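S.K.: Have a look at this one.
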Amino acid sequence: MSRYQFYLVILCGIISPALYLPRALLQARYDGAIASAGIAMVLGLVMSCLFKASLKPFHDLSLKEIIERHVPRSIAMIMFQVLGLTWFAAGASVLLTICYVIKGFINPNMDFYVLLFCFLIAVCWASLRASIAILYNLELWIFIITPILGLIWIKAARTSTFSWDAVFTMNDYVLNAPSWNGIAVASFLFSGYISLSVDQATLRGGGIRLWWIPVLGSIVFGAVVFIPIGIHGTEAVDQYIHIWVNTADSIQFKYGVIERGVFLLLFSYIIMSLIFAATSWNAAAEWMSGGFQSRPVHIKRILVGLAAIAVLAAGYYVNEKQIITLSHYWFSLRFAAELVLVAVMVGIGRRERHA
């Protein structure tokens, strides 16, 4: 696995609260969420191994170019549009969510649509840059943000209000039957990077072992699920919409310049939300432009512009509760699309090796 794919794995873990992943898993904490995460971890590792093996015969091609050359055009067109719409929706959901968080926790008097418009300008500009430039920025911010989030997680787990008894109570529900929705949601931590790896720049190099994927995914799962349970308890934990914002608000840094942990968390999530939106829209534009043979640069600009208009309209007509519901459906769509993508790539790789 290349280092940029490794950064995409970290990005998916960091941004998961903005996609309401902890909320979805905490709502299913008695209904197989832990078992679903275990299955998702195994599936994610298997999918990553198969995906990596399928890329070996193609050293200088991007994922999109491989599919264009080896898949019938009609099927390739459907795949490109589905994957493109999937990641446009992901970026849109994160942008809307972070605007709701800023308005709710930082400045309630701020105009939601002005804030959304400003973010859209930044994301549209960034998503139309070269993929390698976006990945360089992602690398830089991951090195800055990851220690901050790690500090918040450690501080939260060591606070006096944290109850290990509440965490250990979840042992009684480990063997509860998993669900498709739970597996689809948890799989984002372990395989969400696969369909983001559309550009050839993402696939360059190697040296990162695949076993890091389940390790990182398990750490993030434990942090975003069990730390809120330890602080808020097993019963009250699903009463919050933005559970990690409320959790960080209970953390104090007595000897730091910033006293409340929520400010560090919000700073981290605002930055990473914009990075994620730019990365996902760049990948989405790359996927969807694969169906057009001429002027791909102009097509990408049109696609990103249409996505921005759609997000502005969604911000006007869709409320936060509906965004949460749509986000849960999005996890299932993304997981199904990635299963199909990996299956297609395995078939292509096997046929190429036996050619």
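Cβ coordinates are placed from backbone N, Cα and C, and glycine is handled just like the others.
Heads up, here are the entries from TrEMBL:
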type	residues	note
TRANSMEM	7-26	transmembrane segment
TRANSMEM	32-55	transmembrane segment
TRANSMEM	76-106	transmembrane segment
TRANSMEM	112-128	transmembrane segment
TRANSMEM	140-157	transmembrane segment
TRANSMEM	177-198	transmembrane segment
TRANSMEM	210-231	transmembrane segment
TRANSMEM	262-281	transmembrane segment
TRANSMEM	302-318	transmembrane segment
TRANSMEM	330-349	transmembrane segment
S.K.: Looking at the transmembrane segment (32-55) and the transmembrane segment (112-128), are there 3+ C-beta pairs under 8 A, with each pair at least 6 apart in sequence?
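M.R.: Since fewer than 3 Cβ pairs under 8 Å link them, the transmembrane segment (32-55) and the transmembrane segment (112-128) do not come into contact.
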S.K.: Would you mind listing the long-range same-chain contacts of the transmembrane segment (112-128), meaning Cβ under 8 Å and 6+ residues beyond its ends?
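M.R.: For the transmembrane segment (112-128), the list is 91, 95-96, 98-100, 102-103, 134, 137, 274, 277-279, 281-282, 285, 300-301, 304-305, 308, 311-312, 315-316.
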S.K.: Can you work out whether the transmembrane segment (7-26) touches the transmembrane segment (210-231), with the criterion being 3+ CB pairs under 8 Å where the paired residues are 6 or more apart along the chain?
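M.R.: The transmembrane segment (210-231) and the transmembrane segment (7-26): touching, yes.
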S.K.: With a Cβ cut-off under 8 Å, give me the same-chain residues at least six positions beyond the ends of the transmembrane segment (210-231) that come close to it.
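M.R.: Here the qualifying positions are 1, 6, 9-10, 13-14, 16-17, 21-22, 25-26, 29, 33, 37, 40-42, 44-45, 48-49, 52, 153, 156-157, 159, 161-164, 166-167, 170, 186, 189-191, 237, 240, 243-244, 247, 250.
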